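Notes follow the structure.
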Amino acid sequence: SQPHVNPFACYVAPDQGPCRAILRYYFDDDTQTCQRFTYGGCEGNANNXXXXEQCKASCKPETEYEAKKCLARPESGPCLAYMPMWGYDSKLGQCVEFIYGGCDGNDNKYTTEEECLKSCK
C-alpha cells in the first residue's frame with residue numbers, strides 16, 4: 001500500500017530538526033526528484049521519507065499541478081454569476097463552499113465537495 005502523506009509536504013524545504021543524525025530522503029520541488037538529507041530524528045516536517053522509494057511514491061512529479069492548484073485560495077472572480085462551488089482551503093485543511101462568479105478566478109474550484117476532497121486531500 002502507498003504511504004498516506006500530506007500532498008503539500010512535497011513542496012516545503014526539508015527540516016533537519018534538532019536531534020541526532022539519521023539519513024533520510026526529501027522531495028526537491030525544484031528538481032522534481034528525491035534527495036538525501038540528514039534528519040535530526042525529531043521535529044522537522046512531513047517532507048521526510050525513510051527510504052527513497054517511500055519519497056518517490058509519496059511525491060510523484062505528476063502530482064505537482066494538482067497539489068499547487070489546491071494551495072491557491074478559491075477565487076470568486078470578477079463576474080456576477082451565482083455558482084456555488086467547492087475549493088480547498090489549505091489553511092483549514094478542508095474543502096469549503098464558495099460562490100464562483102462564472103469567469104476568471106483560478107483552478108481551485110470543484111462542483112462537489114467529494115471532487116474537491118478527491119483532488120486535494
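Every residue gets a Cβ built from N, Cα and C, even glycine.
Per Swiss-Prot, the disulphide partner of CYS55 among CYS34, CYS70, CYS79 is CYS34. Nearest Cα neighbour of CYS10 (disulfide bond) among the listed disulfide-bonded residues (CYS19, CYS42, CYS55, CYS70, CYS120): CYS55. Nearest Cα neighbour of CYS120 (disulfide bond) among the listed disulfide-bonded residues (CYS34, CYS42, CYS59, CYS95): CYS95.
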